[in-house]
Structure formats: structure tokens, C-alpha cells
């Protein structure tokens, strides 16, 4: 420790600092003395605060004699301490003037963890205000300026009374706060309930912040929070599962989702020669037989496949042979193996990466390939109608805009591109994308105002990027790190709630975010964890959700040998009401609004919207306002002092109640079949036997 008296130094050329030499190691901390004349620093030679056994300890030093410490204390001793649930990244002490003296709070800390700021309060178990706990504390008014201090002046900061007694000598004393940041002209005289309110005097303390006020204060300090932050994912009952799946193909390309589902059936690739695909009906859950099942024989390995959003019986499959095959599933599901597709689309010269249907036009399909082109197909005619170019490397993902006018792509060359296929075959916008080359996905969010890309950074760590659709060249407006994993996060975006759900192949965690069109853009919500790694998730139409249970999304999870439905719910108290703030009118995206020919000619469609509100439910916005009811008794009930006679009476009453009523008749009094003369009277049963009776018995 070093101690310096700055009053002995002269200020030269009015510099505002002094360089003091003499340390032989890096300085770890320092503080001014209470008088403000000296500054004490601790170096790394003594700042470790460990003894020879490497145990943490605290030492007390006399500033007038720094050759040795006065005493020391090991932190391993059994002292009073506070155990927290989360690891601490730092702590800060709240000023004394912010403490709640009405509950004898003597200290308050703010604990910084990885995700939260947690207030920790230290209170002395006393009922009323005690002046010995609250001596005069340092106020907020400075005693002098920095220039005065440099000139050698020494002044003390004016003390501020934490509380001033206005009525003394009795319980329920009144106090007035002074120089407290909580005091305002409109609230300083507001009365609050005192713990000793039974004495008839009210306390003049400012009311301590309620939990809702505290949460609002923390929210204002930390920023906005999502109403979906407590979203819960849960696997539905086993009766809805499809089990005993065998021979699943677990090595599909990274650009493929791994499997696909609609509201009626699920398509799963099998690890069987010929690119076979199994189709299961969601209406027929249960254990699958051990025998072979009817499949779709695609004849080549499956690169990507998806259901037609406007026809639940039409499955489109892209193969390694640069061809796209269209299959028609019969009503009721597969009963026999299909070998002949409805039609085959030819045009690509290399293997196909991914395929995506247009969100509005029926029979309009986009596909990306190793030949570095994106092609549009009219399934009605089986012909290629557009060919988009401009990519320099592998195309990781493609996505149509919500209105169906634009097409976005993310490429291995580190670029995000935007196309208007009806106007140009070259991109209309181009900007920097993810730096990693493992893979990426793109999806439109916030009503088409932004593009969200899930990819990898330069260190191959998974990352989420948000781009403005109006200015891709300016780069991402926000980004969020995820974790380290080789699989790309596959995004699903719900436009009704702005909730983004992501997971990767082989992951056990499902991430959830709410996306905002302004800062902070990403608001992380609760994650869903599965016990075993999954192949992925595929989400169903909004009409499959149970709105009575506040289910905002329903997905199908593909495991190693099972297909399980997963429900994502928002916990709400008034479930008897329809949560109209969570369930706005939803677009009927499973119905086409125009044909492919109409879109190619320049027309634009728009989906109609429907309400998910059941007829027998009332919106929560129209629910009657309830008067808040106090859940707990006031503290005065527990703190009320009772006389010894009252305590004795309560104890006797409790003992009698425990023993039961002694006036009740004996059990044998209700028996029948024996004369009354043969019974011993109830009065004699409570006495001991006479010696004569004992002799007769012997």
C-alpha cells in the first residue's frame, strides 16, 4: 500500500492530474480518504488477498502505519453470507438515501449476472425505525470544487439525515425524508401503511416500491422486454406420436430441412437405395409395423423436397440428377408404392440445392442449383419461365417476400442479393452477408421490411443477422450470436406474433426470439430443450394451434425413430378469455390468391384473413375489470403484540382442538345385542379398579 498527500504537490500549467511514480507492479485499485486529502492504492503484491494457503482473506490497515495490518479475516470462516443462484459478474452498492428505512434496510447491492441485474437487500429484523441504524449519511451537495481542492482547501461534504423524527416517544412514529431521490413535491407527503398500524398512527414514510414498480424500473433500465419471453415448448401426449420409424436418412444436404410436413401428412426420406420417401398421415398416430411400408421411389437421392402449400396431396422433390419430380399422393395416404411422378421438370445442368413455392401464386416454384442459377417453374405447364443469374458461388438459401414480389438469396461468396424476377434477371440489390462458409438460411421478417439471415461468422460460430430490405449495401443493422455448432440454424418466422423459432439438425435446443423493426431488434425468449437430438422441426398452419391453451405455434419434431408434435404456448392467467393480443387475424396462406400466369403477367395477390377466436370465447380486451384483491393479510396482523393471557388461551384452545371433543360418547355406546345391565357405566370407566375387583379377577 502507498499513501500520498497531494497537498504537497504544486499544480503546474493548470494540469488536472498528477503523475505519481513509485509502483513496482500494476495498480489494482485505489480510493480517496474520507477527508479527501489522501489517496490509497493497492498493488498486485498485496491485492491478491490470499494467504500462504491460497485462501481468500480480508485485511485491515491503519493509514498511519502501513508496515503491517492490524487484523485479518479468512473468508472461509462461518460468517453470515448471502448465497445467490447465479454466478456474479460484478456488484454495485446503492446509495444510502435510496434505502427503505421503514423495513430497516441497511444495505442494498445490485448483482450483475450474465443476463440479469438482481437487487439484494440486507435488512435488520426490527419492527420500527431505529436511529442507531441510520446515522447521518453523506449528502449529494459537493463541499468544494476541484480547483479549491488543488489549492489545498479541505472541506467536508454536508451530512444528510436519512430520516428526521417529527413525533417521538411512541410506536408508529412519523418521519420525513430529506435529500432522498425518491422524494418529490407531489409524493413526499403521501402516507403509507406502517407495520405497526394497529397503534392507530400512520407512518409518514414514502411507500416502498411495489413489485410492479420495481419491475418497471428495472425494465426501463434494461430496455423493453417481450411478452413472449416466457414462451414454453412442450411435446404433446404420446397418443399423438408416430413411433417405430426405421431406416431414416439422416445425412440430407445442409440446404434441405431434412423432412417436410403440412396439416395432414409428413414426408420423411429413407436411407434406402433409389431415394425413397415415406409418407405418414398425422391423423393415424401410433406404432408403425415392422414390415415394409409403401413409399415414393424417386429413383435418385433426394436433395430437397417440399409440399405444395395450396395442395396438401402434391409433393415436389429435387434430385441429384438436376431434375424436379412432382408426386401426387392419393387421398387417404399411400397404400402402395409410387414409381411414376406426375411430371418432371428439366432445365438445370447441375445438382439442385433447394426449392421454394411462391406464397401467393399457385403452381409457381423457384429452384437453386450448382449451375449458379435460380429458375422459376410453372407446374401447370411444366416449363421454365425465368432464369436468374449473378451468383459467384454456391447458393445457400432462397426466400420469397411476403407479398410475393421479390426473391432474396444468400450465397457462399458472402453476399445477400435481392431480385425482382419480373423486371430483371440480375439482382436489384446486393450487400455483404455472413462471413462464414459453412451454410446460411434467409427469411423475411417484419412485414417484409427486413431480411433475417442465420449463418456463421469468421470464427465459424453461429450468428443471426438482420438486414434492411431497402439498403442491403449498408450491411446488417443488428446481429446476435447463438452458439458453436456445425449445423445451420433453420429459421421459422410467425408474422402474426413476430416470433422467430430456430433450431439445427442434431440440436437439442430450440431458440426463440421476438423480432422488432427498431432497436434492440432481437429480444430473446425462453428456449425449448429436448432430451434427445432431433432431425429438425417443421411448423403447421396456425389453424392447428389450440387457442384455448394460448398455443401460438405447433410444430412436428422428427427424432431418431419418432415423429412428435410440439406445442409452443404463452403462459396466461385468464385462459377462459380469448387472448386477442396474441392471436390477431391470421392470413390464409394455404389458399392461392392468383395463378402463376397471372403473377407472371404483372398481377399481385393478397391473402384473406380470418379470426381464430372461438364463438364461445370473449376477447380478453373486453373482459370485465376486476378490483384488485389483497392476497395476503397486512403485516400488522402478524406483528401485533399479544398479552401472556391471550397467548395462553390460544395455546389451550389449540390443544383442546387437537385432542378432540371429550363430550363425545364412547364407541361401544352405539353397539347393539347386549343388555344394558352387562355394560359398565361410562362414569366408572374413568376410575381405577378396586382391590376387590382385582381379587375376583385373579
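Start at 1 and count along the chain as shown; that gives each residue its number.
Cβ atoms are placed via backbone N, Cα and C, with glycine included.
Note that this is a predicted model, so its numbers are computed, not measured.
Of the given residue ranges 160-218, 219-277, 278-336, TrEMBL assigns the label region 'Disordered' to 160-218. Mean pLDDT of the predicted structure over the domain 'DUF1899' (221-286): 89. Residue counts for the repeat 'WD' (345-387) under DSSP (helix as H, G, I; strand as E, B; rest coil) come to 0 helix, 26 strand, 17 coil.
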